[in-house]
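Asker: Take this structure first; my questions come after.
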Amino acid sequence: GVGFKAGVKDYKLTYYTPDYETLDTDILAAFRVTPQPGVPAEEAGAAVAAESSTGTWTTVWTDGLTSLDRYKGRCYHIEPVAGEDNQYIVYVAYPLDLFEEGSVTNMFTSIVGNVFGFKALRALRLEDLRIPPAYSKTFQGPPHGIQVERDKLNKYGRPLLGCTTKPKLGLSAKNYGRAVYECLRGGLDFTKDDENVNSQPFMRWRDRFLFCAEAIYKAQAXTGEIKGHYLNATAGTCEEMIKRAAFASELGVPIVMHDYLTGGFTANTSLSHYCRNHGLLLHIHRAMHAVIDRQKNHGIHFRVLAKALRLSGGDHIHSGTVVGKLEGERDITLGFVDLLRDDYIEKDRSRGIYFTQFWVSLPGVLPVASGGIHVWHMPALTEIFGDDSVLQFGGGTLGHPWGNAPGAVANRVALEACVQARNEGQDLAREGNEIIRKASKWSPELAAACEVWKEIKFVFEAMDTL
């Protein structure tokens, strides 16, 4: 007879190992698992470990040619989710040897590959990953990081200000450049290509790059400050993307941009390496993230996509605004903001952080708050995000009744007022509106902005709860 026992496997015999002591080199994953009715938690957890590592549905004779114990993923802990009747957090440990060095693509193909279509599960969500130093050290990470960016731009002690150029599609390159110039001249640090501006018939990329570079140099000459515009280098092929980044580099501008999820991790990592080699900062937009992270029970939480970006490389990444939303969501957002910026982040389940993460001097990423914010939000944003952030006001700049430059002035005055008030010991949360009102007395631009966006409040339920 054959020398192995053929037949369909009972996963939990091999892959459920509650006594396993995790190694410092293991990649650890926390999955939110919703099994099909009648599937026990241990079997579901073991199935996740198996399907995302070495397992297949039946015993194969080639199993005998390798050491499964060395290479298999292990489900080492299961805990029920409070308030849900059939949902579990399943912890899986993966041996480091399963992953190619320096490849986010390969890491995700294994951990969030076929397993998400597995029939025994109703739903599956990857909540968090612990990336061990042994693996993170195989990545270059962000092209420059927070400190180098501040030194390049000569801007310290405050958040940076940005603005997305609108209308996002339809402007000619020259008019687009005019809009950029007005914003930068008024006091913003950056303007931004919208994520869907690539190279369309009404505005080809090379024309846009040229007119935006002209706007940058003109605004720098006028203000004596270093300016930037996130030139979106995202393209249909990696070769074309690098060509666009190279043109930006030739123009001498400080920063380019990439849509990292639609562009893909392989393209993003290539661009990130190019940016470090050529002294370009890299701004990352997360278009498509909600397709992956919005459902509570299925998909991948954004904190994992954020960690993946820090490995793949980017100097800025969009990370939500928090403002006016519920407290729980604030804690969770600040959790992944810390994962982006800090070197060492303690496990803290109240902030959605399932594992202690130690990046070991991998450069940090600036979180970008963007979307629906205006001058009245400035005190809250300054308090929540602190100095190491980029605050982006698209409509909150361009919607100013007097035009782009006064809109930029209003935002800069509001920001400087908030930073000064904070440094003098005022409580931004309590006295925010008063600080803005006081500043608007000597800035007609800010006063006009305050009038347009009277103290608006957002009233939606939090999507992202624990």
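All residue numbers here begin at 1 and follow the chain in the order shown.
Cβ atoms are placed via backbone N, Cα and C, with glycine included.
Got these off Swiss-Prot a minute ago, pasting:
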type: MOD_RES; residues: LYS5; note: N6,N6,N6-trimethyllysine
type: BINDING; residues: ASN114, THR164, LYS168, ARG286, HIS318, SER370; note: substrate binding site
type: ACT_SITE; residues: LYS166; note: active site, proton acceptor
type: MOD_RES; residues: LYS192; note: N6-carboxylysine
type: BINDING; residues: LYS192, ASP194, GLU195; note: Mg(2+) binding site
type: ACT_SITE; residues: HIS285; note: active site, proton acceptor
type: SITE; residues: LYS325; note: site 'Transition state stabilizer'
Asker: Mind giving me a neighbour count for LYS192 (N6-carboxylysine)? Other Cβ atoms within 10 Å of its Cβ, every protein chain shown.
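Answerer: That number is 29.
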Asker: Need this for a regression test: binding-site residues ASP194, GLU195, HIS318, filtered to those with Cα within 10 Å of LYS166 (active site, proton acceptor). What's left?
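Answerer: So far as Cα distances go, the binding-site residues lying within 10 Å of LYS166 (active site, proton acceptor) are ASP194.
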Asker: Who sits close to ARG286 (substrate binding site): which same-chain residues at least 6 apart have their Cβ under 8 Å from its Cβ?
Answerer: ASP259, TYR260, LEU261, PHE302, LEU305, ILE317, HIS318, SER319
Asker: Given a 10 Å Cβ-Cβ cut-off, pick out the one of the binding-site residues ASP194, GLU195 that has the most other Cβ atoms nearby.
Answerer: GLU195
Asker: Spatial neighbours of ASP194 (Mg(2+) binding site) among the recorded positions ASN114, HIS285, SER370, defined as Cα within 10 A: which are they?
Answerer: HIS285
Asker: Enter the number of other CB atoms within 10 angstroms of the CB of ASN114 (substrate binding site).
Answerer: 11
Asker: In whole Å, how far does the CA atom of ASN114 (substrate binding site) lie from that of the residue listed as 'N6-carboxylysine'?
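Answerer: Here the two Cα atoms lie 37 Å apart.
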Asker: DSSP three-state call for ASN114 (substrate binding site): helix, strand or coil?
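Answerer: In the DSSP reduction, ASN114 (substrate binding site) maps to helix.
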Asker: Take the Cβ of HIS285 (active site, proton acceptor) and count every other Cβ within 10 Å, whichever protein chain it belongs to.
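Answerer: There are 28 of them.
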Asker: Can you tell me the CA-to-CA distance separating the residue listed as 'N6-carboxylysine' and THR164 (substrate binding site), as a whole number of Å?
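Answerer: For the residue listed as 'N6-carboxylysine' versus THR164 (substrate binding site), the Cα atoms are 5 Å apart.
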